[in-house]
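Comments concern the structure below.
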């Protein structure tokens with residue numbers, strides 16, 4: 001993977017080689033092969049933003065893309081970032097026996113599968129015949145108190161401490177709680193982006209209800225906040241200063257979202273695999289929304305095609 005500076009040199013050398021300015025599709029194609037867009041360190045062609053390098057890749061160009069920017073130096077030891085190429089998660093793992101096994105969990109009386117390994121002393125013995133897990137933010141629901149009449153998945157898959165996609169539906173109580181999570185107190189991720197404004201979800205931790213609650217300032221909708229692009233309209237306190245997208249900038253360049261590549265418009269990596277189908281994420285670069293859109297593929301292709309001004313017939317998600 002090329003560094004930020006290496007991408008600029010690559011673009012300059014190719015433009016000189018063909019003796020003409022690079023067209024937008026050519027420039028984007030080159031950059032998309034060299035870096036993955038995320039936050040900060042804007043890379044511009046003719047004054048326009050085409051791609052970005054996030055904080056991780058700015059310091060560790062060889063870091064694999066599974067380690068996304070918001071995971072790095074977030075005071076949580078993430079498996080995806082715990083590699084030498086990613087600088088071992090920016091020292092977030094110091095004092096942890098293993099990634100995703102929080103200090104204090106081994107031996108606390110609750111079985112944590114991420115701690116059930118030799119280096120964590122097999123969760124301090126917590127998994128000997130015990131199946132209660134640590135849940136961050138809310139207790140697991142009582143499966144007996146829910147009417148599963150419309151649930152079509154196998155009962156053995158419910159409440160097994162594993163998110164089973166075939167059970168991840170309202171009828172199955174989101175796999176009896178295995179697939180249901182809160183991004184903040186009282187706000188379940190399944191409510192985000194459902195077309196209704198949920199007051200408890202209208203905060204930074206829940207990505208401002210994925211835009212359901214309108215603009216926080218004129219011209220700044222929630223999907224633009226923290227999407228890796230510096231938006232002038234979002235650079236204010238009400239919009240949380242664009243959630244850090246403009247950090248380190250001496251000048252803000254307005255973004256024309258109509259001409260930006262579609263997959264950079266509104267898909268945050270946090271939306272991938274959250275149980276909610278986000279058609280903006282239904283493309284190869286976004287891992288086809290982590291399987292959230294199974295059964296809705298044609299609908300998403302049509303939605304993306306309409307947004308791009310294409311007829312949608314035989315249309316594949318943008319690469």
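Note: Cβ is positioned from N, Cα and C throughout, glycine not excepted.
These features come from TrEMBL:
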DOMAIN    56-94  domain 'LNR'
DOMAIN    97-128  domain 'LNR'
DOMAIN    138-180  domain 'LNR'
DOMAIN    207-247  domain 'LNR'
DOMAIN    263-294  domain 'LNR'
Per-residue pLDDT averaged over the domain 'LNR' (263-294), given as an integer: 74
The domain 'LNR' (97-128) - residue tally per DSSP class, helix then strand then coil: 10 helix, 2 strand, 20 coil
